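What follows is a single structure, written as structure tokens, with notes after it.
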């Protein structure tokens, strides 16, 4: 601005544009995730009937895209605009929001370690609720199938957990062809098969327990998940530490930029009154004042 004077303080362009460039990627990625979520909901007709969201007995995986995408969009927007426009309010919002997320992650990790038995029970309840709603939502169905195939498991603690589903239970009144069966994702894989046999789990649980293991994975997903965590503890810990360091780094950069902006504003010195422009009608008053 014309006539403004500063006492040596400057805003670091490196920090400013690094925060801007870093956050614009998250902003665009957040928009993409929200867009994918809205597209998935439109394909399932949720957008034309919002009340159908509450009809699901289990988790709708689209919520994951919407929540993560929404958070990334908000943080990316605050970081981008705050850095580009040197807006201290948005930068403080960005750093505080990021700090809250970091604190919640840290608290969750500590509580998960302290109350691991309770977490195991909640995971069991979560999986069983989703088993009940297996046929109600195609995205949920794909998520369960992926989980069971990846960890080579079936049900929460065993294949009999599929009795909770109305299509797979073994009750006498069940007219379903899938009665006493399991989804194809529970089946053991034959390397020679190129095409997935979606009927491989039919009537499997009607067989003796000793024979079931020849056809399906009899281990539950909860113990398999625990085993996977133990086998990949270094990788999981490295990911969490990397994410935490990235968040701390972002908070420090944002606070540093805020400090630079506030230092520049504090060092601003208005021009002397003698060189300020005065309107023509006040020239006589100005002459009298300076005299």
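Each residue, glycine too, has its Cβ placed from N, Cα and C.
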Segment assigned the feature transmembrane segment in TrEMBL (from 96-115, 116-135): 96-115
Transmembrane segment range according to TrEMBL, out of 17-42, 147-172: 17-42
Listed in sequence order, residues with CB under 8 A of residue 153 (disulfide bond) and six or more positions away: 147, 186, 217, 219, 220, 221, 223, 224, 225
Greatest C-beta neighbour count within 10 angstroms, which of the disulfide-bonded residues 154, 170: 154
